[in-house]
Amino acid sequence: MEVVDPEDRDPDDMLLIDRIGDAVAGDAGNDSDSQEEQLEHQVLEQQLAHHQAHHPLRRDNRHVAMLLDAPLEPPPMGLFEGARAGGVAHPRPPARSKKRSFFTIVRPTVLRNQRPELCPLFLNASRAIGEVREEQRGEFFAEYLFENMTSENYPNGVGLPHHWGQL
């Protein structure tokens with residue numbers, strides 16, 4: 001097979017290829033992508049009309065100009081309705097992924113990994129409270145602590161809470 005340099009080609013050959021393509025496509029020399037270019041042209045006309053309508057605001061205030069020059073949100077629906085009308089449908093732009101807040105990320109806490117430290121007095125009181133009816137639990141807890149928090153049960157305070165973390 002012979003390799004042909006593009007510069008060595010006859011320019012008339014390219015015209016012949018264009019004419020054959022026109023005959024096959026049936027567009028008689030009109031090489032435009034009709035519906036796609038029409039949609040793009042409509043969008044450009046809308047943007048131009050938008051710019052012309054707000055030109056005095058843009059000229060007077062720089063911040064307003066920045067806001068008005070931002071792309072239209074959401075994009076015009078005419079681009080995506082072509083499939084319903086029998087034309088070429090353009091794919092929708094991908095949706096933005098939601099950014100995850102670090103407040104919602106689950107991390108292991110101290111309470112899940114280890115039990116809070118409790119002194120033996122409160123452990124015994126909580127076990128004893130389980131045997132009492134719910135209406136009497138507060139009163140029973142106070143009585144239990146009063147009776148059992150004595151120097152006989154806890155000589156020299158050994159076993160009693162010595163800092164708030166043990167409660």
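Backbone N, Cα and C atoms are what each Cβ position is placed from, and that goes for glycine too.
Per Swiss-Prot, the features are as follows:
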type: CARBOHYD; residues: Asn30; note: N-linked glycosylation site
type: CARBOHYD; residues: Asn124; note: N-linked glycosylation site
type: CARBOHYD; residues: Asn148; note: N-linked glycosylation site
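All protein chains considered, the CB of Asn124 (N-linked glycosylation site) has 16 other CB atoms within 10 Å. Here the Cβ of Asn148 (N-linked glycosylation site) has 15 other Cβ atoms within 10 Å, regardless of which shown protein chain they belong to. Distance from the CA of Asn124 (N-linked glycosylation site) to the CA of Asn148 (N-linked glycosylation site) is 10 Å.
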